[in-house]
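Feature annotations, courtesy of TrEMBL:
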DOMAIN    42-72  domain 'F-box'
DOMAIN    135-242  domain 'F-box/LRR-repeat protein 15/At3g58940/PEG3-like LRR'
DOMAIN    280-428  domain 'F-box/LRR-repeat protein 15-like leucin rich repeat'
REGION    473-493  region 'Disordered'
């Protein structure tokens, strides 16, 4: 009585019989050891071995280079991408010349430095120009605050075959960009982000004859690139994101016969005048531009009949709604992807889109207060070509979502996020309706904080393949310490993180006031 019942004894398993391989005669082991000692790759030519290395990832290539001296030499001679931690000791310790001599075939180079550290300067760019100049095709410079216009000009003079340049958080100005455009006549892609030396710069008067893509992000006095935008006859992709100043005049000066097909505008001072002046677009990302209304979107749609991707983040301003979307439905019959964030639309515009856009395959609605059961019923009944559907933070319920089980015969994927009145039983019903052929991604709805995050989310992350036409800029082959930080620190903490933090503080206070011994102390530093 009063004692816990004893745990049942576990029966010991009988020892496993020895493996048949261990019973083999010693002659077999000797032959295996002799065969293992032979290098079966010795007969492979170095060209074929370099092709094999080219199919491996960054980590596998680094491990293969440690196998033997031959593999080390072949891997170094065939490496095309290289990312270096461009802190000042890289040049002071003479590490940069040795690295550039080890990898002579590099055509894609990234020099990245931490924002709080001292970076390499113009001598490092001179070494790059001397060792890799003619063969360099892609170059990325990030947080190189010691690099000047003269250093960029000397590097550009030696890299005449450069095709892509990405600059982020540097301090040189428009003269360095002009030197690149004058020397690198084959430059096709230019990305400029947080370039600090543009405050008092004059307009860049050099045009890029072969420039296909231009990306401007977080620039002060970004209008100095206006002549480059207007006078680049082959420009097809333009991104202007979070740049100060009025951009209506720049967009109005774009020639009507321009080849511009993809335009990204985010957090800009742009109105209907600038948007209405554009024509011939195929992809439009319009995010957080509250001065753009239905009038500007309708005028743009009338001049862009080949529009196939439209992403609009209305920022809950209620300036774009049924009128603008109805104009898009009437003029843009080739529409394939429609992403609406913070846009209040109803079934009246959805019916026109479904009737006039028979190729619509991807639809995403986020943070729309008017997209309810009637609208999802319209989508299920009339969007027969729809393949992917994403609904986030919208007032839909099980009654409307169940209509998808009968409509949209080509539907293969559904995402439902933060919709309070959609239950897991509805998600299971949708999965069972197509015999497992329909992938349903469903999560439990969160609180008010989650709803706000859903309404302000970036439109590029709503669909899996949204923005897939954009080339990635990051290079994965890194030499030296990793430059990535633990957290960006730009977003608000989510609700579950706050709950965990409160719980941990409560546990800590209980342990302190209860005078319990503490075995270890953990301190977290958020970078």
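First residue shown is number 1, and so on along the chain.
Just so you know, glycine gets a Cβ as well, placed from its N, Cα and C.
All TrEMBL annotations are machine predictions without curation.
Helix, strand and coil counts from DSSP across the domain 'F-box/LRR-repeat protein 15-like leucin rich repeat' (280-428) read 53 helix, 32 strand, 64 coil.
Sorting each residue of the domain 'F-box/LRR-repeat protein 15/At3g58940/PEG3-like LRR' (135-242) by its DSSP state yields 29 helix, 28 strand, 51 coil. Counted with DSSP, the domain 'F-box' (42-72) comes out as 20 helix, 0 strand, 11 coil.
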